[in-house]
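The active site, proton acceptor annotation in Swiss-Prot covers Glu272. Taken from Swiss-Prot, the feature ATP binding site covers Gly245, Cys246, Met247, Ala248, Ala249, Gly250, Lys251, Thr252, Arg400, and the record attributes it to sequence analysis. The substrate binding site feature in Swiss-Prot is assigned to Gln310, Arg406; the stated evidence is sequence analysis. Taken from Swiss-Prot, the feature compositional bias 'Polar residues' covers 1-14, 112-122. Sequence annotations record features per position, and here Swiss-Prot assigns region 'Disordered' to 1-22, 34-122.
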Amino acid sequence: MASNSHNNYNTPRRQNYDVPKAWEEDSLYENIDFLTQPAVSSDTSEDEEPLPLGRETGRGSRGSTRPKTPRGLVRPRQDADNPSSDEGFDWEPLESFTSQPGAFSFLEPPRLSSSNTASGLRSSCSDFTILGSSGENPTSHANLSEEEMYEEIPPLASNPSDERHPRQLSGAVAQGAIRKSPRKLKFKPAKFKGLSSSLLNPFTASDSGRRARRQTPTCQPGFTPIFQDLGEPHYVKACTVFFEGCMAAGKTTLLNFARQTLSDDEALTIPEPMRFWTEVYTNVLSQIVKINKECKPGKTSTTAELVSCQLKFATPLKTQSLFLQRSVKKDSEMQPVGPLDKWVIVDRHQLSALVVFPLVLMRRGMLSFSDFFNLLGMFEAHPGEVIALMSVNVEENFTRLKKRGRVCERHIDRDYIKEIKGSFNAAYCAWLFLQYFSIQTTMQICMGLSSLDEACATEGVCHTTASRIWNNSMLVTLSDIISQFSNDYTVQNVCYNFFSQLSTLKFVVIDLSAFRHDVPGAWGEFYMQVMKNGDIKTRVMDFTAIKALADTAHNTHASLD
């Protein structure tokens, strides 16, 4: 057993949580001491954040300044004849390296004066006018070439004494670095990002004469807003099924078969939200690959990154489930599924993102007990949701995984597939245990207030069956994790809520190993299991709203191909 220190649950283990003999049904989670105290590592360098760089004070000695040569600065203006679409923007002045070797200048910010105001000067991106030359017509510079757009700065004086003292920049160069001028560069360090050379040597900039260009946003795929009024709702009885299982188990293949075989009036399918995972803000799949390659078990930074990844995996899955729940007609009753009912098939449920994969990561020592418990508390399910758990043997699964050759799955080996299959089986056994025992009885067993023998005697359940299910379920792991904190009411609420949400689901288990290259046969097996299960119910749902969601999801998914 672990010590009584609470810090043991905030730090991930530095070794595998447990190493089962094999990921077979007879050996899952048996004789495992989950709270073995790991050896404390003195290596903390990876968790220490680098100290922020201090602000430059600018106390370095400045060279003698030579008399300034009057010059006009190029500034954009708004042409009255050709109004720009960016009229409302006031663009910040750009810093620019001149094309002349050894010369460096900054574009001064505009100064609002009476002469400028009277002539109607303002900032825009339609054309350019020269500020500081009041005698010239502003519109005469609208069509200047790129070479004529910036003035030439005269070279340094030919005095030999000046050659020994190089020209000082607005940002003083000292000790191999640029020290920002308090007035011009204090709030604009990000402007240097467009330069192709290093800031340590600004005189070697290769894009000195290039005009700064505005980045245009990439074209987004067309979509149907799911939040707009879609007209009169069209309510039908539909069975909501979520395909779950290990990667390359056949979920997407079966979903595409249903989409191609059945019409939109019979079945609607929602694919994986791959675009959100890979293109919105960050690529979470690449992050997972990087963590598995570089991060070490037992590091706080590792578990923090994994929590961030799992939350991003769970976000679209939770919102899809909530959208389907909002589509249910109020005060409608669920009824047993029939041959003429509609289908709503979704690839992945939040069960995998918040329960199964966090369980795998915790067992591998990558995720701390505390973070696993927090993710568990975010899980939720709704009445009428069905989990179709699909599986194939490990060797076939590994062969399929390598055949499709995704970059984000190169780090997955046979042992990892076994662990994922075992975690899905552990979650299923936990649900199965709740079908034999009430939530209150399960809580008492997990909190150590009652034994399994007493629960079997009270509920009238065979002890052999209950013991086998209990030992293969994730409830053994959960009871060991919360054993030292079972008297905390928040821990009790999280466990009670998790058991309540998990018991709401309905499961069907489909072994696809017997249906290799037989997708219609696999669909027939799934269909028959759903029809024979009297506990699976349909919900009265707005099929028009769900179709808008499904079409948007498929259009977004197709834009990635």
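Each Cβ is built from the backbone N, Cα and C atoms, and glycine gets one as well.
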Residues Gly245, Cys246, Met247, Ala248, Ala249, Gly250, Lys251, Thr252, Arg400 binding ATP per the record - widest CA separation, whole Å: 14
Cβ neighbours of Glu272 (active site, proton acceptor) where a neighbour is any other Cβ within 10 Å: 18
Glu272 (active site, proton acceptor) and Ala249 (ATP binding site), distance between Cα atoms, whole Å: 14
Position of peak Cβ density within 10 Å, selected from the binding-site residues Arg400, Arg406: Arg400
Under 8 Å by Cβ from Gly245 (ATP binding site), counting only residues of that chain that are 6 or more apart: Lys251, Leu389, Met390, Ser391, Phe424
For Gln310 (substrate binding site): intrachain residues, at least 6 apart, with Cβ closer than 8 Å: Ala353, Leu354, Phe357, Pro358, Leu361, Leu375
Least Cβ-crowded entry, counting other Cβ within 10 Å, from the binding-site residues listed as Met247, Ala249: Met247
Cβ-centroid neighbourhood (8 Å) of the ATP site, Gly245, Cys246, Met247, Ala248, Ala249, Gly250, Lys251, Thr252, Arg400 excluded: Thr253, Met390, Val392, Asn397
Rounded inter-Cα distance in Å - Glu272 (active site, proton acceptor), Arg406 (substrate binding site): 15
